[in-house]
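Now, the feature entries from TrEMBL:
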DOMAIN    42-230  domain 'Dihydroorotase catalytic'
BINDING   His52, His54, Asp146, Asp299  Zn(2+) 1 binding site
BINDING   His54, Leu55, Arg56, Asn86, Asn272, His303, Phe317, Gly318  substrate binding site
BINDING   Asp146, His173, His226  Zn(2+) 2 binding site
ACT_SITE  Asp299  active site
Amino acid sequence: MTDYLIKGASVLGGEPRDVLLREGLIADGSSSGAEVVDADGLVMLPGLVDLHTHLREPGREDAETVETGTRAAAMGGFTAVHAMANTEPVADTAGVVEQVWRLGTEAGYCDVQPVGAVTVGLAGERLAELGAMADSAARVRVFSDDGKCVSDPVLMRRALEYVKAFDGVVAQHAQEPRLTEDAQMNEGELSGRLGLRGWPAVAEESIIARDCLLAAHVGSRLHVCHVSTAGSVEIVRWAKSKGWPVTAEVCPHHLLLTDELAASYDPIFKVNPPLRSATDVEALRAGLADGTIDVVATDHAPHPHEDKDCEWQAAAFGMLGLETALSIVQTTMVDAGLLDWAGVAERMSTTPARIGRLAGQGRPLEVGEPANVVLYDPSVSRVVDASELASLSRNTPYAGMELPGRVVATFLRGRPTVLDGKLC
Ligand SMILES: NC(=O)N[C@@H](CC(=O)O)C(=O)O
Ligand SMILES: [Zn+2]
Ligand SMILES: [Zn+2]
């Protein structure tokens, strides 16, 4: 195994220093024989960990596979992703989660940690085999019906009670179904004008409030997926002030884009939860900065062109995220003076690894720790070209946009998955 001497990296944005990667670990001592990587001007962060990725395999290999999705992850600086359970078949048994986990290991671009479904077939009727998935080789700790809400409060309560036994967490897609029937975009003055059915903030906020109360009642961990409204931030802030076991994520697109983009009727901007108002964007940034929102998660949601290149109403919800996440966080948070690089490392690596109970990921950049690192150049910029993405799908909302920053290298346990900005 090749050793790497990373020269002059700004570790977490600090003073430049050399970092030796040897035998899969961050090491000290002699660097003789090591390959030198010039990291002048580059920021070193712990390998990013995504709590919310759709890899689409099994079942929708026309949109993404474990291999293509993890290539995209590596290009984005990720060394671990949580693969959502809304596959076909649904990841609701030990057999399916073990299959996804094995595919991830075989591909070798990053750790793939399967998420288990909360209910059988995501149907919201009875609990899936949570214990069997937890005990499987995939060691599932995060459970989610993402794409659908666990809207039945009795089932949600029982899921929270069940996962407590193995320190699991229920990750909720907070969407009250009756309030969002046929919803197409954020509910507001614009949805009325465009003639698209609205998705009101209260449909998200009412479920989050209910689930925070349930998590407190049961004493079990709740994670709130893709928080998108100012009111949701307020509710999570309130739950945390009570000391309740609640964490939350925000997606890069909700930190940058607003519902105004729906006026184009271009379904590239159609996503669940929808793009919201500028006021919501501001509250999400402030919530991420002050720690109310714990993590950035991509909700990378690949779709083939036939599901996106159609009229708005018929198009699928979702957008790509892995290969642009760090750039969006740089432009919305770091360049805006809201977060430093140590704060980015916490929100995109340390904390998501802790919430997912992933061992060996999100560790401090210290001697003896696994060499999961990303080298990032914040000083360059690029125009996003969808055709150049490693993902199998092309549904990025940033095509043609100039974004700051570029992932120069990603190391997974000391082995480069990306070097010189190219996949290894
Ligand atoms: N976010 C989306 O718009 N779509 C996701 C489902 C989800 O995250 O709810 C998908 O699976 O395509
Ligand atoms: Zn969701
Ligand atoms: Zn999702």
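Don't overthink the numbers, they just go from 1 along the chain as shown.
Including glycine, each Cβ sits where the backbone N, Cα and C put it.
Because TrEMBL annotations are produced automatically, they should be read as predictions rather than curated entries.
Considering only the binding-site residues His54, His173, His226, Asp299, Asn86 (substrate binding site) has His54 as its nearest partner by CA-CA distance.
For Asp299 (Zn(2+) 1 binding site), the number of other Cβ atoms no farther than 10 Å from its own Cβ, over all displayed protein chains, is 29. Around His173 (Zn(2+) 2 binding site), a 10 Å sphere centred on its CB holds 25 further CB atoms from the protein chains shown. Here His226 (Zn(2+) 2 binding site) is positioned 9 angstrom away from His52 (Zn(2+) 1 binding site), judged by their C-alpha atoms. Under 6 Å, Cβ to nearest atom of ligand 3: this is the test, and of the binding-site residues Arg56, Asn272, Phe317 it is passed by none.
Candidate binding-site residues: Asn86, Asn272. Fewest other C-beta atoms within 10 angstroms, Asn272.
Within 10 Å of Asp299 (Zn(2+) 1 binding site), counting C-alpha to C-alpha distances, fall the following of the binding-site residues Arg56, His173, His226, Gly318: His226, Gly318.
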